[in-house]
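Notes follow the structure.
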Amino acid sequence: MGRKVTVATCALNQWALDFEGNFQRILKSIQIAKGKGARYRLGPELEICGYGCWDHYHESDTLLHSLQVLAALLDAPATQDIICDVGMPIMHRNVRYNCLVIFLNRKILLIRPKMALANEGNYRELRWFTPWARSRQTEEYVLPRMLQDLTKQETVPFGDVVLATQDTCIGSEICEELWTPCSPHVNMGLDGVEIITNASGSHHVLRKAHTRVDLVTMATSKNGGIYLLANQKGCDGHLLYYDGCAMIAMNGSIFAQGTQFSLDDVEVLTATLDLEDVRSYRAKISSRNLEATRVNPYPRVTVDFALSVSEDLLEPVSEPVEWTYHRPEEEISLGPACWLWDFLRRNNQAGFFLPLSGGVDSAASACVVYSMCCLVCEAVKSGNQQVLTDVQNLVDESSYTPQDPRELCGRLLTTCYMASENSSQETHNRATELAQQIGSYHISLNIDPAVKAILGIFSLVTGKFPRFSAHGGSSRENLALQNVQARIRMVLAYLFAQLSLWSRGARGSLLVLGSANVDESLLGYLTKYDCSSADINPIGGISKTDLRAFVQLCAERFQLPVLQAILSAPATAELEPLADGQVSQMDEEDMGMTYTELSIFGRLRKVAKAGPYSMFCKLLNMWKDSCTPRQVAEKVKRFFSKYSINRHKMTTLTPAYHAENYSPDDNRFDLRPFLYNTRWPWQFLCIDNQVVQLERKTSQTLEEQIQEHFKEPSPIWKQLLPKDP
């Protein structure tokens, strides 16, 4: 009896609605899997159309073209003699489902609809699909005529069903189902399913890989079995980067690990595993076997096909591997760089334009581009023909082969230091040195003539000329003068992005990169329509703390010594007059809180779902050794006041790489109003009452505290009622 099976899973860089490209990548993955001896190939969730189609799922065209690609795959010689598992949307009885279609030798074996839809964070699957709610039940799906003519089948099983081959049994999960409390793999495993597959569309978040790996290893540790996970990779047209991490596990151990970040459009993993190892592993777990006797059976579709070969005694089996994780700063170096590469090559632009201020944030964006150039050179050196073709198209030179990241960076990145009378020589020097060290084409200019022209128009109309606070002006004048400088820089950035290559006799235009980090966006510490307004922002979902660690990594890994000077310099916007030639404006002083505090506020607000009062209560304990209750209250109230005043800025935020679960992205991740009562009277009164009670307790005797404890408190609503005249 054959026992050893070779199975394949993959990570594909699919692109929403790119049916031709998606078809070719699926076909290539099947060819590679067959070439490695696999007899089962698993692909990512919705791989035929690309996961990120969003409201295009409502269009009949998306369903039609997906069926056409399925027909092309069924008819392709490469898909013969291997069980293929592909993801696509399907309409059954006028209901749209997110499905896996499993086929072999021009016959569709079954269609498995998704049963638990992802509907939190960036996911909106319930907007487009309906979950299959009939556990362990199937219906007959009537095939469209184009598939009937090809397969000679009229109907196929549709529902919660497993596949029985001659030698084993295979069950399917789809992405979110692995993450649910009652995952299907549990009962499937108890019912004798030995191979579980999971087609995923799982995007990158810093530190998320640990959770994904833990879920897979735990699934096979408690119940035994083989587990295959496929995932999409790359930017498929939105803010998300799908980070691969395809894997094959058995009995709690990993046997094949895919890359998390790479420029390869097609990556196929295979492993040869012994089914008897699954059976003996399960046999020793008596509690599992007792539960198995009580489980309701799954309907089975049988197929006259085996994953193993009859004479496999000399076939070597795969060995367990230790999963290699990236540190968060390495994830920042790789994830946004791969995302930028996909965005650039698919956007038909000729490179990037980045306003370089000499500070940490814009330096981090520059380092992401430089990291991208390093990845491109490495991919070309390793023989990736697709990357070579893409870079040749970008530079408009068919014979070009990139070898040096600095030289490539000079072709793809234009940086610009936009000085004003409030800029220091130190930031100018740091920006210039960084541009030299990464090799970007660098421009230095002065915005003062444009600022004076704008203010001249205002003065001509009103007869007034605003002044900075340092020169006796009001806070309104001071803020307006800062914003004029910031917005002029945005206008100039787009002008130079459109015409700088034209001025140098080169073709094309540039994408403008932004550099606002997630903490400053959360607080609104940016000017609306300044250089935070760009085409895309590679660091917009990353905290200042993580960015500093990333820049430190780049200083060491890429040998960029100027980054040490940038890290040690105080963070400043340089929008107010210098004091004796020195910077007088500091970011953390302007904000009234530190970046570390901002990160904590951000996680509590979004991840812990804390409003003002809940946040105050949590921070009382977290900060009890460094802050009094009154100080905690003031910090919380200051944060929520500024956050709510500036929330409107999030509605126009530049599309940014999603990296943190506390992102304030208003587009689809953090859906909240942008018109608040910024005084928060009820919430802040609750906080103030608690502060008063806590301060009173510290000054009371034990007897007074006991009396206070049994005293009837005054309801907060009474304190908010208008007082009698």
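Glycine is no exception: its Cβ is also placed from the backbone N, Cα and C atoms.
Annotation note: E45 (active site, proton acceptor) sits in a coil segment as assigned by DSSP. Residues or ranges marked as active site, proton acceptor in Swiss-Prot: E45.
Positions annotated as active site, for glutaminase activity by Swiss-Prot: K114. In the three-state DSSP assignment, the secondary structure recorded for K114 (active site, for glutaminase activity) is coil.
Over all protein chains present, the Cβ of C175 (active site, nucleophile) has 27 other Cβ atoms lying within 10 Å. Positions annotated as active site, nucleophile by Swiss-Prot: C175.
Packing around S357 (active site) is summarised by its Cβ count: 25 other Cβ atoms lie within 10 angstroms of its Cβ, all protein chains included. Taken from Swiss-Prot, the feature active site applies to S357, supported by similarity to another entry.
Under DSSP, S357 (active site) is assigned to coil, being neither helix nor strand in the three-state scheme. The ATP binding site annotation in Swiss-Prot covers P355, L356, S357, G358, G359, V360, D361, S362, and the record cites similarity to another entry as its basis.
Residues or ranges marked as domain 'CN hydrolase' in Swiss-Prot (evidence: sequence analysis): 5-275.
Taken from Swiss-Prot, the feature region 'Ligase' covers 325-706.
K114 (active site, for glutaminase activity) sits 9 Å from C175 (active site, nucleophile), taking the CA atoms of both as reference points. Within 8 A of the CB centroid of the ATP site residues P355, L356, S357, G358, G359, V360, D361, S362, the other residues of that chain are A363, S365, T427, A431, S515. On its own chain, S362 (ATP binding site) has L354, P355, L356, A431, S515 as residues at least 6 apart in sequence with a Cβ closer than 8 Å to its own Cβ. Between the C-alpha atoms of G359 (ATP binding site) and C175 (active site, nucleophile), the distance comes to 40 Å.
The distance from the Cα of S357 (active site) to the Cα of C175 (active site, nucleophile) comes to 42 Å. In the three-state DSSP assignment, the secondary structure recorded for S362 (ATP binding site) is helix. Long-range C-beta contacts of V360 (ATP binding site), restricted to its own chain and to partners at least six residues apart, with a cutoff below 8 Å, comprise K544, L547, R548, V551, I566, L567, A571. In this structure the C-alpha atoms belonging to C175 (active site, nucleophile) and E45 (active site, proton acceptor) are separated by 7 Å. Put simply, D361 (ATP binding site) is 35 Å from E45 (active site, proton acceptor) when counted between their Cα atoms.
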